[in-house]
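Colleague: What TrEMBL records for this protein is below:
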- A:T40, A:E113, A:E149, A:N301: substrate binding site (BINDING)
- A:N180, A:G181, A:S182, A:L183, A:R205, A:R206, A:S299, A:V300, A:N301: NADP(+) binding site (BINDING)
- A:25-139: domain 'Alcohol dehydrogenase-like N-terminal' (DOMAIN)
- A:142-352: domain 'Glucose dehydrogenase C-terminal' (DOMAIN)
- A:1-25: region 'Disordered' (REGION)
Protein chains: 2
Amino acid sequence: MKAIAVEPGAGEPTLVERPRPEPEAGEALVRTLRVGVDGTDHEVIAGHHGEVPPGEDRLVLGHEAVGVVADPNGTDLEEGEYVVPTVRRPPDGTNEYFERGEPDMAPEGEYLERGIVGAHGFMAEYFTSPAETLVPIPERLAHLGFLVEPISVSEKAIEHAVAARSAFEWEPESALVLGNGSLGLLTLAMLEEVLGFDRTYCLGRRDRPDPTIDIIDELGATYVDSRETPVPEIPDEHESVDFVYEATGYAKHAFEPIEALAPNGVAALVGVPEPWSFEIDGGRLHREFVLHNKALVGSVNSHRGHFEAATDTLEGLPEWLFDDLVTGVYDLSEYERAFETGDEIVKTAVEFAPVR
Amino acid sequence: MKAIAVEPGAGEPTLVERPRPEPEAGEALVRTLRVGVDGTDHEVIAGHHGEVPPGEDRLVLGHEAVGVVADPNGTDLEEGEYVVPTVRRPPDGTNEYFERGEPDMAPEGEYLERGIVGAHGFMAEYFTSPAETLVPIPERLAHLGFLVEPISVSEKAIEHAVAARSAFEWEPESALVLGNGSLGLLTLAMLEEVLGFDRTYCLGRRDRPDPTIDIIDELGATYVDSRETPVPEIPDEHESVDFVYEATGYAKHAFEPIEALAPNGVAALVGVPEPWSFEIDGGRLHREFVLHNKALVGSVNSHRGHFEAATDTLEGLPEWLFDDLVTGVYDLSEYERAFETGDEIVKTAVEFAPVR
């Protein structure tokens, strides 16, 4: 079967031929339909992140997949059922994090990540996976199933942020998303359309006309150009916000939200920057953080419950959003196009088999 | 009646004569027994913090009080009942934070603080206070009642930190307290004796022999000298910790805990530093914060529920701790001694009337 793999640092993925996998006991065989491409894939391709499985020279890419069960292999799944696989797997048998259904809380060394860290991904015509890692989705969402994984990452981050405000009465009204990439835009849509925030803002550094700014406008959110209004100036220019979601991976965006948050607000961070030293007014930030009861939570990955919540969220988002957000779904014969980047490209996927 | 007041910036408190207050409807009159002195008092005395009530030239100090009801004045309280007053009051009538019993979550401008911001404190022979702000404590704790307020500050900070970890299974075993002042030591004792942490550490910058290090030793905690082992080196020297409690007001201690925390850990910050700019490796901190699901919560003040919890905590702490911690309780005739500072002084209080 065909698969899309990368030799770390080679700079571009290649099409490789691999044997079709045989499901082991407890695993199902899945026919891959679509697999999304995101920033993590580009980091793996560039050799900045990720790890090839031991003893191999290439990593099969892909961690945002949707497929259809080809062989349930004695599991509770049914042939023809649409499924989205979770990403983390235990490195040796299992461990406490996987046993309690919280692989997303496993520390480094206690997990592999399919398509990223030490385990082949889903960019192949077929993949196998333990039944409990395959989350069923309705047939009507199958064409968008590759968005469940990125949305699940936000489901978790938002769940942790809300938990951090659960010791008192917190009724957030305003939210700021840092980053107008596909994850930022999906999260902005969640906040606007599903979670009922009254006022939302999305930070980017692009000029109009731009397809991401069009989506921000269409959602009824306010676009904030970081070149004109850096994060610490947002309260003066717009308002202090109850919730900040950081999806830029820009290191200053871990600290600047303290100044953009309203009293009792919380910021969720999901970006993963490289080391970078800079100066901050740590005294002022510390003081403001304490005197106004603010909180910061870091969040990575997601567990099965977040995938299930993401499926519900996906169903609650308007159809036009996907038309505007998904700028390209490419057949395996032109898979390279899914990895192109540019201001006109928002979210892409590779199609391994047509979605009925 | 006699009261201890300060003219901001005068550098030392003075004994003043004031009329005994008359309780208004809903208020009780309280005979003050003891009032503790803490770092906030010293900041108010130095003129770095606090605000005199409008139209007055002096602020009566004191926010850590215990007293006995002298006149219930028609409230549900009983004459002779021992009570600890909460600290915040609404500036005008009331507001949403006070109405829902969460004055600790009120932003600047929405509260006064007795003895600190715009309202006279409890360092007077009598004070009045609305019945709902007076938390009854058992007679056997009356002599230590001035410790309820500082403990309540930690109750809140810990409650918020635990809430921030409530979206997953979190079973913390190790904790690090930054600061060996009286609040740090009381919190260390809570973590060791009441909350059941297996391993605790307390950071200071003192040489042995020292009374605070003696308390740390006696509690079974490990003393960490920050001059030898700065916070970021604690994981190598000792271990990564599940919980950090910052009570130094040293601005770098808002950010260094990210490096000292174990995966999925949380740091609670309660210090209030002045502005101070310095360099941090924000990229590395941001990355670590996200990839290991860490959290930071800022926390200030406390509400009635925290005072009630603090009373229970006080009861669970060993008697020897108070003997070692409370290094001086001074009669009004020598009140100046309660405001002295030095390595031999841990916690002091002024006694306005003898505790039976």
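Using the three backbone atoms N, Cα and C, a Cβ is placed for every residue, glycine included.
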Colleague: Other than A:T40, A:E113, A:E149, A:N301, which residues of the chain come within 8 Å of the substrate site, judged by Cβ distance to the Cβ centroid of those residues?
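Modeller: Neighbours found: A:H63, A:E64, A:V87, A:R88, A:G115, A:I116, A:V153, A:S302.
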Colleague: List the helix, strand and coil residue totals of the region 'Disordered' (A:1-25) as derived from DSSP.
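Modeller: Tallying H, G and I as helix, E and B as strand, the rest coil: 0 helix, 9 strand, 16 coil.
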Colleague: Just to verify a number: CA distance, A:R205 (NADP(+) binding site) to A:N301 (substrate binding site), in angstrom, no decimals.
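Modeller: So the Cα of A:N301 (substrate binding site) lies 26 Å away from that of A:R205 (NADP(+) binding site).
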Colleague: Please find, for A:T40, A:E113, A:E149, A:N301 as listed binding substrate, the greatest distance between any two Cα atoms, in Å.
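Modeller: Across A:T40, A:E113, A:E149, A:N301, the widest Cα separation comes out at 13 Å.
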Colleague: Near chain B: which of the binding-site residues A:N180, A:R205, A:S299 have their Cβ closer than 8 Å to one of its Cβ atoms?
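Modeller: Near chain B: A:S299.
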Colleague: How does the model score the domain 'Glucose dehydrogenase C-terminal' (A:142-352) in terms of mean pLDDT?
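Modeller: Within the domain 'Glucose dehydrogenase C-terminal' (A:142-352), the model's average pLDDT equals 98.
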Colleague: Going by C-alpha distance, which of the binding-site residues A:N180, A:S182, A:S299 is nearest to A:E149 (substrate binding site)?
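Modeller: Nearest in space to A:E149 (substrate binding site), counting only the binding-site residues, is A:S182.
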Colleague: Please tell me which one of the binding-site residues listed here (A:N180, A:S182, A:S299) sits closest to A:E113 (substrate binding site), measuring Cα to Cα?
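Modeller: That would be A:S299, the closest of A:N180, A:S182, A:S299 to A:E113 (substrate binding site).
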Colleague: To the nearest whole angstrom, state the Cα distance for the pair A:T40 (substrate binding site) and A:S182 (NADP(+) binding site).
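Modeller: It is 12 Å, counting Cα to Cα.
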Colleague: Tally every other Cβ atom lying within 10 Å of the Cβ atom of A:E149 (substrate binding site).
Modeller: 27
